[in-house]
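**Q** Let me give you the structure first, and then I'll get to my questions.
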């Protein structure tokens, strides 16, 4: 084990690109996107003399945390946190009607910066590889078992939702409302459907792409279709797209340059602006960039207001609160929708840093960030030491979940803990101690 801290030309290039990306985020928000969500509280970002020096320093810190390329699971997680979470939390902070005076050195922006810094530093720990690669036969047997369990759960979901199952685009929100009753959060149906699909299919699909095995490819697509028909979820299709591109690229080159990821997102921002200028409306802005950057930045402003009004929640909405005799209250995401947006049916999903801040302030953020950091170390260890390539899609699954859910929900309800356990089982040489004994 060793710690890598290296600065080269790629870091300088990424600093420039991240600065351009952050600056473009402010420009696009103020001129093209914020008005698409102003009915919920989004606003223009205040631009003053100190903004651009701040963005340059922020870009340098983010470039140092990301490094030059995505080579390991932890690199993927940190890079996605930087290019998705930083823009709406530390660049567009204050671009809302709930906390217009929010600064990066206070409140939820500071909590998020603190958490990303912890995870980014932990990710600098490196491990020397061993001669033996991942146990192929052991891994294949586990994948077959997962695929069988996944198919059983898909059949279960289909029959439970048969009364309203549909691929109709207009009825997606109605299906979501019905699914909340049929597959209620915290119920056996809810846990089974969530873990049996959303935890399994990214790994199965990734294996199919990487090994060119059509069965797992088709199974991943079937999962996305079932989740769309039963739950009205578009998220699985985005995950399939990301996994396919990532696995194909990794299969060919073995790494992804961070500069290319930043350039791709920068081009999306500019394409959205160009589409608006040419057609007077941008589908890209409305259906992708608004959801990726403007909606979460507005919700984080609401988080700051919530904490200032109600203080810390002390995990009263979790099983921990029930075990401590406090009683289990309404989930924070729904309480945020009720108290700040006056909509009791609104599930105001925010990232796990923000949830931890609402639960226990900076102490909660530090504790949960260390848990995520520990998971990063485990995935990096298995990947570097034992060649556990499946840690890459697990890291992608982990990241996409913590961007909009609490850590406890991600680990247990979304099955990430189970996938980490599965990853360890197919990676560690389980028969080593038995062989030595004999």
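Heads up, the Cβ atoms here are built off N, Cα and C, so glycines get one too.
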**Q** Do residue 124 and residue 184 end up on the same side of the membrane, going by Swiss-Prot?
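**A** Result: no, residue 124 and residue 184 do not share a side in Swiss-Prot.
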**Q** Could you check which of 220-236, 288-304 is flagged in Swiss-Prot as transmembrane segment?
**A** 220-236
**Q** Between 107-123, 124-140, I'd like to know which one Swiss-Prot lists as transmembrane segment.
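**A** Here Swiss-Prot associates transmembrane segment with the stretch 107-123.
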**Q** When you get a sec, could you say which of 184-200, 201-217 is annotated transmembrane segment by Swiss-Prot?
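**A** So the range that Swiss-Prot calls transmembrane segment is 201-217.
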**Q** For the transmembrane segment (201-217), name the stretch out of 46-65, 74-90, 239-255 with the most CB-CB pairs under 8 Å.
**A** 239-255
**Q** Looking only at the topological domain 'Cytoplasmic' (66-73), report the model's average pLDDT.
**A** 92
**Q** Would you confirm whether the transmembrane segment (107-123) and the transmembrane segment (239-255) meet the contact rule of 3 or more C-beta pairs below 8 angstroms, pairs 6 or more apart in sequence?
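**A** These two segments do not touch.
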**Q** Please work out the helix, strand and coil residue numbers for the topological domain 'Cytoplasmic' (378-398) from the DSSP assignment.
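**A** Counts, helix then strand then coil: 17 helix, 0 strand, 4 coil.
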**Q** When you scan the chain for residues with a C-beta under 8 Å from the topological domain 'Periplasmic' (91-106), skipping those not six or more beyond its ends, what do you find?
**A** 22, 25-26, 29, 34, 41-46, 54-55, 58, 113, 293-294, 297-298, 300-302, 304-305, 340
**Q** As a quick check of your reading of DSSP, tell me how many residues in the topological domain 'Periplasmic' (275-316) are helical, how many are strand and how many are coil.
**A** 33 helix, 0 strand, 9 coil
